[in-house]
Amino acid sequence: MKLNKQKSSKAEREFGGTLGATCIPVFLPLTVLYLLCVCRSPAASVLQWPPVLPPTAQLWDPLAPILLLAWIAFQSFLYLLPLGKVRPHVSHEHLPVIECFQALCISGVLVTLSLWLGMPLGYLFELLLPMAVCAIGGSFLLSLYLYIRSFWAPHHALAQGGNTGNPLYDFFMGRELNPRIGSFDLKYFCELRPGLIGWVVINLGMLMKEVELRDSASLAMILVNSFQLLYVADALWNEEAVLTTMDIVHDGFGFMLAFGDLAWVPFTYSLQAAFLVVHPQSLGPVGATAIVMLNSAGYYVFRKSNSQKNQFRRDPTHPSVANLETIATATGKRLLVSGWWGLVRHPNYLGDLLMALAWSLPCGFHHLLPYFYVVYFTVLLIHREARDERHCRAKYGVAWDTYCRHVPYRILPYIY
């Protein structure tokens, strides 16, 4: 019986099991550094061989760790302020906290004041590689701390997927579900604050660098900054929605999330802005209008579908969702099979992909690098959809099969 349980546990391991958990922490950090190097090179070719390698001196600047630590300390300070709205937390306690959107606004005021006082925000472009190196190193240190402290956590606080007994896999996936220091929830903090808001600040730094070089910001740079600011602001305004995501509910807090939150998101999601600093693109009014319309359509699908789902979870009797067709499940919950969620199983992913394309189009068609995000995000969402599929089938059983017959398309109507 024990042998069968071990086999089952091994079969259920995700991200390639032990092999993936060993290779991903090596290759993803190298990918971040490689993409940043390519972005700064004249050719900006991801297929260039031999690859573009920077001098060792460019990988370190003593200012980089100071800025990163100051930024995380500032966001931690805002998180711990006993002000703001009293709201449900990951721990199901009701805590007064500065909301994420308020933290974004306060950070914006601080950055604006710093610019007014003459801070050279454009220097962030020179610091991208050293800061990425520090963020990657910090992710490893945080993950090691999380792994070690998890052995003192009670059993009910552990994540099922990261508690296999394999050190490499558990380090990657995370043993503890929501590790906390007092009232400070480490995973919830990292998920929404330093990386996401930092991404906006890096983008603004790239815009200011372009102003330094060319006396004004290009339309392409303004569009990239505006689109991505809207995306981050939306995520932070709707922060309660993160409490039901797989990252929070299912995944432990290990290297996968720590690296993703602190290094991958701010330094790869800002690639389009960094690319435009070195490779400016001219964008006419017709092209700009088409790109704005594409981003608006993606955002509309993304926001409307997520709002419909969140409203149904909060109050199924609300007039906006009360008349939607549903399927009953053995768990007592009901599955939506009409509205946005009757179109495809993940309409929010469809909106995400449309926006991802709109973020890359201002960078033109002569380089593959700006489209890395579109390719990566497509792979990510297909993988995430497959994970959702497995979890939902295990949770809802026959009801999920019925739902799939009602809604046969996963992300793209009539195609996938």
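Here the Cβ of each residue, glycine as well, is placed from N, Cα and C on the backbone.
Please treat TrEMBL annotations as automatic predictions, because they have not gone through curation.
Listed as Cβ neighbours of the transmembrane segment (21-43) (distance under 8 Å, sequence separation of 6 or more from its ends, same chain) are residues 15, 51-54, 59, 128-129, 132-133, 136, 139-140, 166, 168-169, 171-173, 255-256, 259, 263-264, 267-268, 271, 274-275, 278, 369, 372. The annotation transmembrane segment is assigned in TrEMBL to 21-43 (among others).
Residues or ranges marked as transmembrane segment in TrEMBL: 63-83 (among others).
The transmembrane segment feature in TrEMBL is assigned to 95-117 (among others).
Here the transmembrane segment (123-148) has Cβ contacts under 8 Å with residues 25, 29, 32-33, 36-37, 40, 54, 58-61, 63-65, 67-68, 167, 170-171, 174-176, 179, 186, 201-202, 205-206, 208-209, 253-255, 258-259, 262-263, 266-267, 274, 277 of the same chain, all six or more residues outside its ends. The transmembrane segment annotation in TrEMBL covers 123-148 (among others).
Taken from TrEMBL, the feature transmembrane segment covers 253-271 (among others). Tertiary proximity for the transmembrane segment (253-271) is limited to same-chain residues at least six positions away from its ends with a CB under 8 Å from its CB atoms, namely 15, 24-25, 28-29, 31-32, 35-36, 39, 128, 131-132, 135-136, 138-140, 142-143, 146-147, 159, 162, 170-179, 186-187, 190-191, 194-196, 198-199, 202-203, 206, 228, 247, 369-370, 372-373, 376.
The feature transmembrane segment is assigned by TrEMBL to 283-302 (among others). A Cβ distance under 8 Å defines the sequence-distant neighbours of the transmembrane segment (283-302), meaning residues of its chain 6+ beyond its ends; these are 218-220, 223, 227, 230-231, 234, 340, 347-348, 350-359, 361-362.
The transmembrane segment feature in TrEMBL is assigned to 364-383 (among others).
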